[in-house]
């Protein structure tokens, strides 16, 4: 037998030995299998750290967030009482001028502008209720708020189209209980244009500009001023 024939026979014998061994190796072509732990020979620390398609899809999901509420009781000046929709900048500048004007008037008469100038001769009880419902109250401001599908301090639900209002907490009393003012009607007049509206007290306002300020529903405010005004000086009295 020639040397070439001997070499061929030897190679065939070697192949017959290696083939069974190669079939026993855990060769996997799937990328996911290469990233699994405990894969023996083909486990790679680098590949194991690569994210899978599923993890990438899950990680890119954004949690939903509600936009911040644009309502609530409007009270403390131009920052809170500008229009919630349009004309905010215009309303803000107007309020700044209005506050300066009110402060100058307050300085000339020697008292502060806290909105507590009752403008009546009736005494008040612990809840701030006047002895005389027919007397008027001035020195306060009307603002507006949205109902937000929640019950007011009086416990009743109303919509933005209802002519309701929130009384300053100084007059309302305990915000966690229904006040004796709940359900009473108030006649409110805009001092700037003379327009008026009658509202029903349904809530308390913890951040109004003093005892004589009242927070109105959007529809009630629109009866006496454009929504873009945000805040207007008022005179008001209990009805009846």
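Just so it is clear, glycine is given a Cβ too, placed from its N, Cα and C backbone atoms.
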Looking at 9-51, 52-94, which one is region 'Disordered' according to TrEMBL? 52-94
Of 108-137, 138-167, which range does TrEMBL call region 'Disordered'? 108-137
Helix, strand and coil totals (DSSP H, G, I; E, B; other) for the domain 'RlpA-like protein double-psi beta-barrel' (139-235): 14 helix, 36 strand, 47 coil
